[in-house]
Amino acid sequence: MKLNIVEYPDKRLRQKSTDVEVFDKKLHDFLDAMYPVMMDTNGIGLAAIQVAKPIRALILNIPDDDGEQPYENLLEIINPIITHKSGETVYQEGCLSVPKFYEDISRYENIVINYQDRDGNTKTLEADGLLSIAIQHEIDHLEGILFIDKLSYSRRKKFEKEYKRMLKEKK
Ligand SMILES: CC(=O)Oc1ccc(/C=C/C(=O)NCCc2ccccc2)cc1OC(C)=O
Ligand SMILES: [Co+2]
């Protein structure tokens, strides 16, 4: 199945995603189809809503020390729940649905999540660093929240102006 990335300001990105209930081949095929979409656009994280499927599923492949993203680093996180969060960290985030924009966003430094894998098995994951940031960024997508929503009023205004200009140039 060919999946295309939905880009801001498309209203579909604002939908709240619903829990995955059935862990069948259809789900597996969809997760398999998400992977090249993320990897072909230099992504490190992608939520299902970004390919127009409002289900609580996200994939991550955090680059390792030499910047590689081997397939075995792929994380498929379904129905995530954050059970612990602490500390604070700031990172310049980007998003495949908001191309060419990067902004400093504050997130929790450490989180623990419960989630299910593609077969419905419940797992627990403790994360810090880039993985923690990425998980929080992607879980926001499941609530219809984008990283640009976290900008101050003035920074958001600046973003909207620049983004509108970029959209006009694209036409
Ligand atoms: C031109 C452009 O838009 O560049 C990009 C922007 C963002 C991205 C990917 C962003 C991404 O994977 N974000 C996942 C969430 C996340 C944000 C910050 C830290 C961890 C995880 C890739 C880009 O490269 C291309 C070719 O699109
Ligand atoms: Co994103």
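Heads up, the Cβ atoms here are built off N, Cα and C, so glycines get one too.
For the recorded site, Glu138 (active site), the DSSP three-state label reads helix. Annotation source TrEMBL lists active site at Glu138.
The Cβ of Cys95 (Fe cation binding site) lies under 8 Å from the Cβ of Phe101, His137, Leu146, Phe147, each of these being in the same chain and 6 or more residues away along the sequence. Residues annotated as Fe cation binding site in TrEMBL: Cys95, His137, His141.
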Residues flanking the Fe cation site, with Cβ no more than 8 Å from the Cβ centroid of Cys95, His137, His141 and excluding those residues themselves: Gly45, Ala47, Gln50, Glu93, Ser97, Glu138, Asp140, Leu146, Phe147
